[in-house]
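Enquirer: Take this structure, written in structure tokens, and hold onto it; I'll ask about it next.
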Amino acid sequence: MHLASTYTGQALIGRDTVAFTTKKISRKNHQQVLATIQEPPVSKKDLRKPRDENVDAANGFFVDHTCIDCDTCRWIAPEFYKRKNMQSAVLHQPQTEEERMEAFRALLSCPTYSIHGPADKKQEQRMAEESFPSLIPGTDNCYHCGFHDELSFGCASYLIKRPEGNILVDVPRYVPKLVNRIKELGGAKYIFLTHRDDVAAHYKWASALGAERIMHTMETNEKQRTNEVEHKLEGEGPWSLPDGSDDCEIIYTPGHTEAHCVLFYRPQQVLFSGDHLAANAVGEWVAKYAPDDGFLGISRSFNWWRVDKQVESCTKLAAYDWVTLLPGHGRPGKVKDAAERELQLELIRQRETERGLGELPSDHSAQSAPQDF
């Protein structure tokens, strides 16, 4: 996921519509933009001090001024981390060891190290480190890797543990302890990269695990070293894994980028959706639609190719029997059955059509994604 390119439009702040103009910026400059908006302390040292929005920061966990508002901590430990004035903050301190473990898991997954914990609970933090990859509730063999990477703006990475060989879906931050934990679970035969935004240090993971990478050829490039990917998909699919296994299907879902793909894992009815589709997506979608219209959505703010194609690609996913949604950005979600899945996807089509599928930001239509990787 990338920050917005130059674009004039409107944003929903709470329930108010505010006009704005943004310019293309790199991730490195994101914190400077937030600093300008929120007027925090200016020195690097002061940027690491607690935000005023934190509750009881002196005695527990807190979020500092470097938060990039990626939402990671808020969906991992929603009881403690909330969005306040465009960044995260700790609004309720964990009280028990179990609660602190949850808060530490969010701390470890923060891509910018913006969360700080109590200094006298280092043993609990180490226990939280060892809990990753963590089994995703409702599945038997799908894991959240934690340790989100700033290089991918906090993308979530997942591990599928399977007899035919494990699959790493996108990649987490490269951390030796996590490498070892994944090896203990059987390593990874394949690394499936959904699209160019979320590749981070894929080459380090491929080398450490001896894994073969899979990615659509139109998403590869030399700058990110994805030209080194072992298996380049061509055309519009769908595709099986290179070894012919039929438990997974790779689905072509252009829209967010020109050749974005998702992975459907049949045995557990899980859809790994990358940046294509998410539950309770942050930003303007939640503010405007979540109270009335359900919980699945796409993000126009972070669309780098064509919104109309992204909506079209959502519609095709109704044909696949998934009930668990695991996105790269946004929150994990579930649907009860095929009827609810079809309804949610149809609501997306209706909402986005109403907003106007032809009204694309002009700078977004020219390329698959900004080139400030």
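For all residues, glycine too, the Cβ spot is worked out from N, Cα and C.
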Enquirer: State the residue range annotated as region 'Disordered' by TrEMBL; the candidates are 220-241, 352-373.
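Expert: Checked against TrEMBL: region 'Disordered' maps to 352-373.
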Enquirer: Which whole number is the mean pLDDT over the domain 'Metallo-beta-lactamase' (154-329)?
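Expert: Summarising the domain 'Metallo-beta-lactamase' (154-329) by its mean pLDDT gives 92.
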